[in-house]
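Worksheet: one structure, shown below.
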């Protein structure tokens, strides 16, 4: 954070003069000299203050600069620039501009008049406005597809204005030299480019002008430079694009691999068509009478045919098969029907044969014939655009088995990679968000300090002027009496006390009607002042400084100091947006307190209007009004229509009356301060306007505004409120992003129109049979915009084919891919990221702090209480009549206490008037009723359960104790009148008393009621197995029927008990459970055989019927056994047992029906399908599945909540759709061609009916999915929201005219806007909410189960994770190097990293050669590729052979080697036997693709690939969870496919149902359901189900092979089936998949952000293996230094490292060896730093390692490195000390001998050394033996070999002057008692150091 702002005030602003320039130059010189002087004291470099950046507003603290200084050059106010040549200019709006003080363009100095004029123009607000208007006008002109002649002149004007702008900028700033000049701002490059292009295209002829004109569209980007805030969003986008690089690389790589697989599997397949056969031509048919053509023609054998036919020139076979007339086309299809020659591929109809002919489907663009097209097809699959079409084409041509390929691509490619992009964008957004929050927080802290300073200065004055705030009479800061809770703090911000706890808003005052008008008025005014203190939300204030607002808000909400609040109020008054006169006007005209009677009347109105019952009534009216609007349909009777219109009038009246009375009760001034009231007033006004304009044509859309009343429900429905808030917040936050998106859409729409518009016009016949422009084209701006919008929705491929056909493939691909990647993958994902960030755990459990919600609860509470009283009264009356004594409440069973009874609860925070009814009876005669003042007893206040805010009346002790603290703040309420104060004291006492006893209620307030924190529960343990059976029946049953109480100790009872024990033993046995699971799986599998062919397979049918009886019998036996074993009580309290019971019942019923002959009854058939639920029970036994199911069940409430909210949200669009389109989708069609009659022939229904009677060829039909009523509207909206079948709804909508009129092509074009708006709000928002809800739910459930790391700090978690990773690994024993010389050399060669990389490069080259392959390639190319492939096989075989030779049998210990070996064997076999393998299996080239997996190995070697490794790691982490979800999904598909088979097997084959994709067999059902799991094509499967009567279907249709008649569908069943499947699979299960990926990506990201990761430990192990060749897990201490140096960062300890290694204190075992775990722990600690808490962690990791590695038994340390070093040092110190001691003794003795020789010895002096070694030797040296002395002297003069310290041994240093040298021979004997030397003691040393 930059330094604190300079001292505030205007004295800081000084004119920029020549003197200022001189000062800057002087300072600059000083700064240049200063570094040389004090280089060593350099602090961190200063940074510019972010608050004073150019373009920012001047911070408030500076005040307003004097007017004469505005717009003139001033000295720079940022201290950072004091020594730089810059100056600033501040505009009238206090915006800062910074300029370079060097002469602009070397000519204009800062003091030049021209430059000053240019600056004045540049900073003027009108200048930017002019530029903005110019850009927008220019954009409007660019949207013209056929510009008028004069537009050229306008173009010149625009260019002129842009040139003028650039000139002004250059003159004021300079061109490019120095900071803050024109070209130093990257945004100005854009301007420069645009202007340059304008002049270049004008003066230089560059050919294709329209392509160059598209450059003009970049001018739209200039809006980004002009609108503040857009630059930051663009920066965020660029940031996320940078972060996406890794994902993009991974995606491209994965797509390339899949494309290669696709290329090998499906090359040429999509050209197999059905050709008419036999040939009608006689000459040809003679040729083909051979037997070959009685079978199907094999794929590519047409060549010999052509050779055969060459001789016969009259018939050209190629031309015959290429001719479209000889190919089989389905009705309405542009492409011929595909077919295949494998058994499960599509078959040709009679008279046709499957051959390869013609081009590929979709203009030839959909194919796998070359790598490029295969890649495009895979990209399409990954983005899931119209992929069902590709899926169906491929399966039809290649066979249904290949569904597996699509499953893999959809799950890995689509779900995983696309959502990784979302995860990355979300993370980038999140990081930026956190950074900005951090910045704001720092700013606020800084501002707080400044504010403190200000406050101290002004305190005395403030306290004097605002004393009224603290007066006794004043209202407390805790609430407001005037309005209902709507008047409370906006955004429901609770007030807080000094501890940050919420202050209750409760004001207990007996509601009295006697309060005088004056008091009322005074109180109201005081409240308003407090209200305004707490509402610093004025826009003016916000504009000046966001941080002030936040600081002010935090000061106000702290509510610790009234003085601060007063200061802030003054501050606010200064910043009020309106002049004071308006406030005076408001006081006079908008606060209605004219006379006392009026005030009393007003209070009565307030009392009534604000009553909870009125709220309840209004809510009921809203619901009824919504129902009335939803009842509109087509066709309606007149009576019904009249009823609806009357209803509308009534509701409009009710809502108008509510608004009117609220205005009276609250005064307009306060009424319009509440958001909901403004919302109400707008709707009421619009409703009234609509009544007036009811008959005006075209204004019926006003009726739609009434629908917004539905949103009023949000006041009383937290989830809807949350949704609206989230959308509100997002739209607010998205304001800038939406603008960016709009600019992107605009630019691409214009680019498309400019580049391709002409081509669409000229080449239209290529894509349209009638040569009219199709609906999707780019010839004008609106249609071009629609295409771009459609691409944003994810549908790009179909429009791109059209574009490629008319305008060429290259350009279209570039433009469409850019829109797709930039618009869809980046910007839309940023939308979603923003939406997800709006979610937090609190959002879904929205607190009840919304006033209106309490009102509803109170009203419902009263009703409940009334109902309970009535019930009790009636029961009492009946009992008295019957002569019984009514039960006293006191005697009630404690268990039932609180159910519907009044109970002591926390009192609601009700304002004065709300107390009128609900709590009035608490306060009777100045004492709270229900409060006993007996000191002993606990005290409660009666309140109806429903009236409480809290959902959970009894809290835990802890919570209550906490509450005591927070709620003591109630004493702030002593601002009330004295009478209430007394009561209040009691109430406080009450509260404290209540807190002592569990379950008693707090009386003070529940405004701060938080639901108790979810307890950290341990995951439910499996209940311990019961040893014997429990009781059969519950205690109540036994009480009621005593005969059930059996004595089990004797007689029959004992036998019964033994029987139960036996059954229990059987049931509890593992084998029993396994057997039952096996039976369940078998019975489920049996269901899959009951398809439409069952009647033809009599044997199978008989077997299945018999098996069904057996299964039923087994399950009944199982159920009975369990009843006997467990008893009814246990059995029927288990949900899985209930499921079992339900399924067994179904089986029994259907079996009984079969035996009685009722098997053909519809209900019985439906019941049979419910047997498909059987697998659920088996899967309840699988742990993984159960986890997913539990998670799902946990999420169901939230999912339903959101589903309900979505339905309400969609209801508005559905009703609007009914208003706009009901009855308008009907059309008159030609029954033979299914084409529409033009309006010139048929104008309306009556014309059509007449034509039908005349010719029988016309029919008046409706579109199947329409808006004729709200339910159908919902279906339409679901199709639009999933983007499936939405075209079939949009086209009739834009063609519609009026009810019962024939539609006309695009006559109602702007109806597209309805769909665009719905897609944005109904699809982008609400569907993505599901992801938000599910992710949020997962996180909440995690919290509930308790993260295992709750009790660890962040640092410890990192440590823990690191430890976890390294504990699970151990170094492997490396493969020993062979003793043989040649083998050894080869071993060294293949162990090199270079060898690995070389092989990887070869693999990649091999892939490249595969990519070059195409369908129908020339023989020469084929031959060349074959040879290259053989060469590669030889190389890889060579690699394999070398490894086998060098590694011997160890080769097979590595998984990768085995993998390589198998691939090589398969490749060789594939080359040799390619024809046989291809005929019976898949193409052998696939084996080469498998080799790509090896590239995964190289990722570890590349440092830059860490990001990609993270992504793959995230995938690996997700796999187990994804497998569980996959299982669940399969289960759902299984159940639905069985259900589909029994209900939709015989529907008419049309739309999406055909011979291959249908519900006739289990296989084809599963294929259809897999397809619609991604919501693809579900609309086409639904359409045939909607046929219910002729002529759409034929009820008498004969289905061959069965006795089932008819091919009509069941519309209701179809809609329920498909909608429920879409919601369950597409919205819930698939989103769980996404949630897991996002979660794991975040985890992986955190892990990769850790200092140490998995790879570092692997690298450690690999390095260790090189040093510990025996795999002993120990190395020599002497090797440690080299080992630590050989490690890679971050674990490396570089040389010289001896000292650091010793300090690590590593344990040594016998033989000075060190264990790997010790070294690893030590280097890890070096990286992470040392903390005390890690001791326990180390112990646990060592224990874990010992567990994993039994080899470490010998791991018993005897010393450590530090200890060893200490011992060495100790030895040296002892030796030195002993030597010094000997020197001293020697010197004493030598001096004595010398004195003896010279005769100076005193007579009484004795020899110091009388006996011992020293005396003996010195006697020998100095006593008598002179020769010996000379010899020693000679020895002394020899040079000494040892000079310096080495290790722990220190050698003698050279002698110093003035030292007497006494030669002493010290032998081993002499050193006997010294410390042991480190290595070996020298036998002879000469002692030289003698200090005298």
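Don't overthink the numbers, they just go from 1 along the chain as shown.
Heads up, the Cβ atoms here are built off N, Cα and C, so glycines get one too.
Checked against Swiss-Prot, the domain name for residue 1128 differs from that for residue 1599, so they face opposite sides of the membrane. Matching 47-66, 67-86, 87-106, 247-266 against Swiss-Prot, the residues noted as transmembrane segment span 247-266. Scan Swiss-Prot for N-linked glycosylation site across 208, 736 and the hit is 208. The candidates are 294, 300; Swiss-Prot tags 294 with the feature N-linked glycosylation site. Per Swiss-Prot, the stretch carrying the note transmembrane segment among 677-696, 757-776, 837-856 is 677-696. The Cβ of residue 1230 (N-linked glycosylation site) lies under 8 Å from the Cβ of 1236, 1237, 1257, 1258, each of which sits 6+ residues away along the same chain. Counting residue by residue with DSSP, the topological domain 'Extracellular' (1090-1102) contains 5 helix, 0 strand, 8 coil. Most buried of the glycosylation sites 341, 1244, judged by other Cβ atoms within 10 Å, is 341. Assigned with DSSP, the residues of the topological domain 'Extracellular' (1293-1309) fall into helix, strand and coil as follows: 4 helix, 1 strand, 12 coil. Under the three-state DSSP scheme, residue 341 (N-linked glycosylation site) falls in the coil class. Rounded to a whole value, the Cα-Cα separation of residue 341 (N-linked glycosylation site) and residue 1244 (N-linked glycosylation site) is 50 Å.
The average pLDDT for the topological domain 'Extracellular' (1293-1309) in the predicted structure is 92. Helix, strand and coil counts under DSSP for the topological domain 'Extracellular' (632-642) come to 5 helix, 0 strand, 6 coil.
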